[in-house]
Amino acid sequence: MQAVTNLVTGASSGPQYLTGDKPAIDAFIAKFDVFLFDCDGVLWSGDHLFPLIPETIAHLRSLSKRLIFVTNNSTKSRADYAKKFHTMGIPCSEEEVFGSSYSAAIYISRIMRLEPPKNRVYVLGESGVEQELASESIPFCGGTDPLLRREMLPEDFKRIADGSLLDDDVAIVLTGLDYHPSYLKYALGMAYLRRGAHFLATNTDSTLPSAGTLFPGAGATSAPLVTASGKQPLALGKPGQAMMEAIEGKFAFERARACMVGDRLDTDIRFGIEGGLGGTLCVLTGVSRKEEFLGKGRGVVPSAYVDSLGDLLG
């Protein structure tokens, strides 16, 4: 199977380079009915929109392709992303967006199904996580609570140790990208994990592409808890297949006729390959470089690659 072969280091067949080859581009697009797009590093970098993105999206829609925007960025909800698409001049409905925060909320509400009141989620993350948890009526604490944006005090050590600073209904610790981390937040998270709370992560990306460079990703948020607790979180973003199953369950598409488009080999491309999609397309405007999948000793190999997504216009 291609899904296995492409992941084997030293695979004999290399990816197809599509930039500048319009017949090959048209043939590649014709293979698929559905395109799953990563956002950061593919469509834009921070607030910088890459060239010809609205035109490329419009072109695919004109060919009756179904588009699903699959992002690991947990800081924004689906509604937030729909607004950003509109600001960028890209028509997109909230229903076309599937983010890691929403994936986590779906997993907690529809898979875990913890009995209230012992179903509260302690959040290390931004408002995007909170909005998606609220959309599934999941109680939560932590997150953007301004009372946690402070230094750790001597009395905090005592109150965490005796449990008086903890919420007895917390059953899950959920980490996402947190722009306001603090020792207090991590101390609370560790205490809940030591009490037996489930450990989940919206995603574990090591980096976040933005403003044309790389910044610490959500994996940097969960790393202190991983080190302190000795536990690994269940990641509910790419490349985890729990996310793929949730997407397929919602959108009901044939995997063999779907293509994953992304800029990261370890998340986007692996997500498509392990999910058994018909193809994967690596875009070289984000994290991964072509040297990582060309030549000997390569690991994750996409079906094809382009210099930028706008190249699909031919």
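From the backbone N, Cα and C atoms, a Cβ is placed for every residue, glycine too.
Cβ environment of Asp38 (active site, nucleophile): Val70, Thr71, Asn72, Lys238, Met260, Val261, Gly262, Asp263, Arg264, Thr267, Asp268, Gly286 lie under 8 Å away, each six or more residues apart in the same chain. The feature active site, nucleophile is assigned by TrEMBL to Asp38.
Residues or ranges marked as active site, proton donor by TrEMBL: Asp40. Cβ environment of Asp40 (active site, proton donor): Gly46, Thr71, Asn73, Leu208, Pro209, Ser210, Asp263, Gly286 lie under 8 Å away, each six or more residues apart in the same chain.
Marked as Mg(2+) binding site by TrEMBL: Asp38, Asp40, Asp263.
What TrEMBL records for Lys238 is substrate binding site.
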Neighbour-count leader, CB within 10 A, binding-site residues: Lys238, Asp263: Lys238
For the Mg(2+) site built from Asp38, Asp40, Asp263, further residues of that chain with CB within 8 A of the site's CB center: Cys39, Gly41, Val42, Leu43, Thr71, Pro209, Gly262, Arg264, Asp268, Val283, Gly286, Val287
